[in-house]
Protein chains: 2
Amino acid sequence: MTSRDGYQWTPETGLTQGVPSLGVISPPTNIKDEDKDGPWDVIVIGGGYCGLTATRDLTVAGFKTLLLEARDRIGGRSWSSNIDGYPYEMGGTWVHWHQSHVWREITRYKMHNALSPSFNFSRGVNHFQLRTNPTSSTYMTHEAEDELLRSALHKFTNVDGTNGRTVLPFPHDMFYVPEFRKYDEMSYAERIEQIKDELSLNERSSLEAFILLCSGGRMENSSFGEFLHWWAMSGYTYQGCMDCLISYKFTEGQSAFARRFWEEAMGTGRLGYVFECPVRSVVDEKGGRGVRVTARDGREFVAKRVVCTIPLNVLSTIQFSPALATEKVSAMQAGHVNMCTKVHAEVDNKDMRSWTGIAYPFNKLCYAIGDGTTPAGNTHLVCFGTDANHIQPDEDVRETLKAVGELAPGEFGVKRLVFHNWVKDEFAKGAWFFSRPGMVSGCLDGLRERHGGVVFANSDWALGWRSFIDGAIEEGTRAARVVLEELGTKRDEVKARL
Amino acid sequence: MTSRDGYQWTPETGLTQGVPSLGVISPPTNIKDEDKDGPWDVIVIGGGYCGLTATRDLTVAGFKTLLLEARDRIGGRSWSSNIDGYPYEMGGTWVHWHQSHVWREITRYKMHNALSPSFNFSRGVNHFQLRTNPTSSTYMTHEAEDELLRSALHKFTNVDGTNGRTVLPFPHDMFYVPEFRKYDEMSYAERIEQIKDELSLNERSSLEAFILLCSGGRMENSSFGEFLHWWAMSGYTYQGCMDCLISYKFTEGQSAFARRFWEEAMGTGRLGYVFECPVRSVVDEKGGRGVRVTARDGREFVAKRVVCTIPLNVLSTIQFSPALATEKVSAMQAGHVNMCTKVHAEVDNKDMRSWTGIAYPFNKLCYAIGDGTTPAGNTHLVCFGTDANHIQPDEDVRETLKAVGELAPGEFGVKRLVFHNWVKDEFAKGAWFFSRPGMVSGCLDGLRERHGGVVFANSDWALGWRSFIDGAIEEGTRAARVVLEELGTKRDEVKARL
């Protein structure tokens, strides 16, 4: 099945919109017009991992659940396109067993043996290419690359003599040490200013490229505290970051994983769904008459509870009644800063499989790695850009090709590009959440608050691996549990028996 | 409520059996004799974390489930006794956010802010006391302690130049690199023999005490590969081991956590239970007539499926019909090696709160740390012994007091001892699972195999944090999912509607 999402470019076809994915659901709905009123126990808005988890948990627990999704596919900001049998990860990609919620699901769905390492340094160029200007490259071993980034990250994170352990001992409880607020309020740029004299030029370039890779933003609008949170979640080490952030992916792609949730929910016989159904408004009816969700096309659905998994940057496009609380509205209006560009390139140089590169700050794609070998025997590179030097990869493919080429000039020809423009995607308006300075301390609690019959759940305001697939599952699990507690899982016929 | 399990000693009362616990369930059953035949969808044997997880998942998913437990309490090998408002952990204690299954549950039950650090080096003696003989002590800073153990553990684990990463890249898939089998088959003693010339005396003593603390066994019968598995799960670092193995515990004790599972299951109205009901036999009736479980007192119960969570070392006390497969039987007969002794001591020296100590090999308790401050203002020390120099702490309290005192002679008087003798416990026959050399490669798959209508689930054969609370929840989750898949979660009345 082909999704309307995503782009592909080859020299032969030029740029085309829409790529195949296991995540496309067909037919787009399983309910007839006359059945649309259910009655539904719960409506889940959004079929990303958060919504899928909530839907799965609720349907398994016996609730009649209606899933509304704006797109033609499941997965939200994490989905894969299988092209010629090879999976390209369009958004969220990497998972690790130190990410509790996603790993619990991976184990439960018996996919713990279905992961592959992204890095493979067993043959080929086997080096790191650092470009701090368009006219030269520095080549290093991967050991030297690790040492460079480890050194730089230790300087960046070491605000307390213990690389963050003292100021952030419980990463799920960010303000356990109240003074952590000051790091939350500090930008990347402000932190770099404090340590700039300790950093070599190579350290600084690599560090900035790495932390911008994490935030997808700019030095001035990315929160240092949010990076420390990622760092703490990763075990306060560079190696932990590499392991958790960018090392292990699904051999068959994210959408193969997402389908497990989908299929389990479908198997209960309690799931109704409507895809290609963007929501216009959510109205909590007075007098406990339920929550009414109206689609852009005017269709209306009512349930006892709504789990709204719409991302932060999109929430302001929905009308809520009664109006949302101030904290939520101000966070929605500010939005998060992640304007990451992620571009896959299939390149005709087998030896690039063991290559990694940084081209910063001059290039529109600043960080890339060899991520696989395609069925044609080419190398698959995954390349990242950020808001600091932004590119819309679909708008001028020559510019995109140039930015890919500048990562390692003269080393390859590009046979294919695959990408999703998350910034222009009206249902995402950016990539994974990354906090502005002060945003987490100011808004996190408010974002997590429910609103009458509406439970808000999204990785954007998870406590642990916020922004990650793990955080989405954390939040979907939380939302389902809230609903379970309120609607109850006791069934009368059973109560009578025991 | 007071459990029959556990012992307490004070100078005033002497040794008494039975300690208070939040985990005691009263009344011991909620089913009447005439209702005992259910009909039950599932019988879960054992109310430790594995059985509680399976029971919770199954009841929430709509299955009428009967929990049979030999003891008077939930929690199995992990339970706490609250004495004068202070929790003593009688068995499994520590948890971490890198342990996926337990952390998922901690988050789901909103207990992520309910943890306390075991170590507190903020005041007092603030040192590590190493005793390699009964006549002297070496004192070190905790930084020097960390350096000593880090150095020793790196030598111990570094079989491949990458501290185990190369030979065990996917810890959930232990034989992904087939050569790992040779480490699985290697004993601690054999590995020490390979590196003994690289180790200082202090390194060797500390290392042996630490790895025996992990195995609870002897140098000759503990598998080096199993330790490498713990090490890999912890992120291949000493700090990761400390974080995951011995750093964070529930402020209110394990039994407060176990009750969450219990209460959720009870809240469904689908849970029947019988405590103080040891099982004698499990018979898979011919012709799909279900599985019959017979208690020692002759009561019989029948269900479509049985989830048997009885630990490895106890399995051979149950009669199974038809007979179990050879692999399972041979593993049951061999048993695991963990004969750990864990003794809590309340001591009248406040300054010991920041103390850690090793007394090895001469002492019957080889590893201890300051673990808290009691309501009386005394220090709570938790002390461990292993099968290498075994003590039955209830048999001769003077000997136990002597072993506690030998950890730091002259530093304190003992006001209270609290412990559970897991070795003599007929429903445990040892502490957490630790593999003999070759046992995991030889038996793990067999232990995980189902047997007709009986699904075997226990932390003893988990894939990830085997032996841990996390592994118990992993296994309970797996077992519930197997049953869900087989019995189905679709309800006819709903099917008709959609």
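Keep in mind that glycine also has a Cβ here, set from the backbone N, Cα and C atoms.
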Site-mate of A:GLU69, A:ALA70 for FAD in TrEMBL, selected among A:VAL167, A:VAL177, A:VAL279, A:VAL282: A:VAL279
Range annotated as region 'Disordered' in TrEMBL, from A:1-23, A:116-138: A:1-23
A:PHE384 (substrate binding site) to A:ALA70 (FAD binding site) - Cα separation in whole Å: 26
Shell of the FAD site beyond A:GLU69, A:ALA70, A:VAL279, same chain only (C-beta within 8 angstroms of their C-beta centre): A:ILE45, A:GLY46, A:GLY47, A:LEU68, A:ARG71, A:PHE275, A:GLU276, A:CYS277, A:PRO278, A:ALA295, A:ILE310, A:PHE427
Distant-in-sequence Cβ neighbours of A:ALA70 (FAD binding site), under 8 Å, six or more positions away: A:GLY46, A:GLU276, A:CYS277, A:PRO278, A:VAL279, A:PHE427
Binding-site residues (A:GLU69, A:VAL279, A:PHE384), the one with most neighbouring Cβ atoms at 10 Å: A:GLU69
Secondary structure tally of the region 'Disordered' (A:1-23) (DSSP, helix then strand then coil): 0 helix, 16 strand, 7 coil
